[in-house]
Amino acid sequence: MSWLSYICFIFVLYSFLGWVLEEIYCFIVTGHFKEDGFLNGPFKPMYGFAMAIIIYISEFTMLSNTLLWILFFIVPTTVEYISGYLMKKVFNKMYWDYSDHKFNIDGFVCLRFSLYWIFLTAFVVYILQPLVSIMFYNYFDLISNISPLFIGYILIDFVMTTSSLNINYKAKD
């Protein structure tokens with residue numbers, strides 16, 4: 001197995017599933033789907049990055065379960081904070097704001113959602129990911145050829161989105 005193909009697949013899959021999760025959550029909370037996201041396509045790279053890091057660590061290292069559970073808290077929370085901070089600094093926009101939640105840091109992360117990430121990440125690592133690994137092995141050739149196309153799509157979406165946001169940001173100055 002090519003670990004790079006595997007991690008690319010993990011990134012794409014969980015970027016998409018993160019988008020699905022946010023859409024469902026938004027619909028449950030507000031009664032409608034979320035209209036404002038960073039990318040135009042159905043991907044949330046923040047989820048893909050966090051899960052690629054976690055899955056790489058959990059499958060390619062020999063950490064204890066205790067350390068893994070600590071990472072289930074630290075990695076997604078750190079990725080969420082860095083993502084929010086960078087988007088605020090670069091585009092002068094907060095795509096989410098936890099300022100009204102207790103125990104938040106700069107509105108980018110809060111304890112409540114960080115605790116959610118622990119259980120969501122545990123579900124992925126211990127229940128969903130073993131099934132995903134089987135799927136990857138069974139369809140290795142197909143997935144290895146398709147994943148780079150999705151990575152390319154996400155990159156093009158990212159470049160187009162950031163170009164558009166930079167133009168809009170400069171126009172406001």
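In case you wondered, yes, glycine gets a Cβ from its N, Cα and C as well.
Range 69-87 is the one annotated as transmembrane segment, of 69-87, 88-106 (source: TrEMBL). Same-chain neighbours of the transmembrane segment (149-169): 8, 11-12, 15, 38-41, 43, 45, 90-93, counting only residues six or more beyond its ends whose CB sits under 8 Å from a CB of the stretch.
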